[in-house]
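Lifted from Swiss-Prot, the feature list:
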ACT_SITE  D147  active site, proton acceptor
BINDING   L25, G26, R27, G28, T29, F30, A31, K32, V33, K49  ATP binding site
DOMAIN    19-279  domain 'Protein kinase'
DOMAIN    297-328  domain 'NAF'
REGION    165-194  region 'Activation loop'
REGION    333-362  region 'PPI'
Amino acid sequence: MAATKSKAAKKGAPLLGKYELGRLLGRGTFAKVYHARSLAPGADPVAVKVLDKPDLAAAGAGMATRVLREVAAMRRLRHPNVLRLHEVLATRSKVYLVMELAPGGDLLSRLASLPSRRLPEHAAQRVFLQLVSALIYCHARGVSHRDVKPQNVLLDAHGNLKVSDFGLAALPDSLRDDGRLHTACGTPAFAAPEVLRRKAYDGAKADAWSCGVILFVLLAGHLPFDDSNIADMCRKAHRREYALPRWVSQPARRLVSRLLDPNPATRLAVAELATHPWFKRSLSLDSQLGSLLGGQPERELAFQAPPPLNAFDIISMSPGLDLSGLFGESKRRREKRFVTTASPERTVERLGQAGAKLGYFMVGKKGVERLPLGGLSGLVAMSMEMSEVSPSMMLVELRLEGGDDGDGDGGAEEFGWEELRAELGDDVVMAWHGCDGGKKDKEGILL
């Protein structure tokens with residue numbers, strides 16, 4: 001019966017009463033991916049990965065483990081540049097992974113369609129920004145991808161990146177007693193030398209090497225190390241036998257060199273990329289708004305003297321007086337505020353660092369005015385306003401301005417406010433509104 005239903009679903013009949021499978025998007029050894037229409041009113045189309053249980057069983061325990069690992073990894077990840085897993089369905093003979101649709105195809109195909117097979121450096125910066133933002137997020141949650149390559153980087157309808165295929169991902173329980181990984185996996189042309197030599201390795205540092213290869217491909221249009229003999233390719237990688245074209249800038253060359261360092265101990269980590277001059281420019285507010293909006297972005301977030309709070313504002317912060325009920329539920333989900341004694345510069349710096357991990361970027365008031373209605377293709381923009389409580393204390397108000405999923409709530413219901421609070425730390429957040437269930441926060445201040 002289940003097998004009959006699965007076969008019928010391919011002909012247009014509803015899949016378990018929830019989805020209608022359409023055209024075939026792609027196929028692998030053990031899976032087929034279909035374009036599908038959700039039967040829920042107003043829902044976006046999805047991609048459904050169909051796996052045959054008997055085929056998985058015949059392939060041995062390794063393939064089934066890979067599927068389980070992929071599901072486990074994707075379920076703990078929710079980032080604008082990570083392909084989202086909506087749900088997992090199953091019948092007696094099939095497993096269905098219902099995922100976000102990425103109609104733009106993969107990055108390799110997109111590059112292959114270009115005459116030069118490469119991107120201009122400013123465009124490569126934007127692509128690399130999204131890739132690294134996704135991997136910083138994954139690593140912060142204990143997930144090492146281990147197969148980062150252009151084929152596993154998909155594009156949505158607006159050209160935004162979606163990291164996919166977590167079948168080889170390593171989770172915290174994959175680590176041995178020495179705290180390292182020992183399974184050699186991935187695609188040789190993008191795998192780190194220590195992985196190819198079957199040594200114990202750090203998954204995040206291995207992903208950093210793969211990022212270096214991808215950056216090289218984006219800038220040069222070809223692989224840095226390309227040899228059918230894996231031993232020879234590994235030897236070239238250790239000797240750094242690669243050559244970037246003359247048009248690549250010096251900052252970009254230095255970044256590639258730091259990432260394609262055969263010594264993992266001195267190799268630049270993904271989380272450290274924000275400090276590199278070439279990448280720091282693309283992480284700036286100016287670069288992000290310029291590439292995303294196509295206009296003239298703000299040159300900086302001006303640190304003007306925050307306006308003082310009036311008497312009503314201060315009274316509303318008093319212990320025992322909670323005015324949150326005066327505001328709608330949607331507003332409470334979209335807006336948070338906290339008290340800080342940190343400087344404005346320090347506060348914005350920490351918010352920006354947290355954004356690289358959590359998938360948002362900061363904008364000023366002028367930047368908010370230029371944001372297109374409906375958000376930035378899933379990216380989340382956050383605006384901030386500071387008000388002076390006392391000469392040494394400020395109230396910081398945060399508001400989600402982008403990432404609308406179509407419900408008018410800007411993705412606020414799913415935004416990780418608690419994660420943001422943890423990233424900012426107690427040295428920045430003195431008291432936080434809306435996270436303690438109305439209990440008194442530190443220093444006796446209730447917001």
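Every residue gets a Cβ built from N, Cα and C, even glycine.
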Report, as a single number, how many Cβ atoms besides its own are within 10 Å of the Cβ of T29 (ATP binding site).
7
Same-chain, non-site residues whose Cβ lies within 8 A of the L25, G26, R27, G28, T29, F30, A31, K32, V33, K49 Cβ center for ATP are V50
What whole-number Å value do you get for the CA-CA distance of T29 (ATP binding site) and D147 (active site, proton acceptor)?
17
L25 (ATP binding site) to the residue listed as 'active site, proton acceptor': how many Å between their Cα atoms?
21
So, in DSSP terms, is L25 (ATP binding site) helix, strand, or coil?
strand
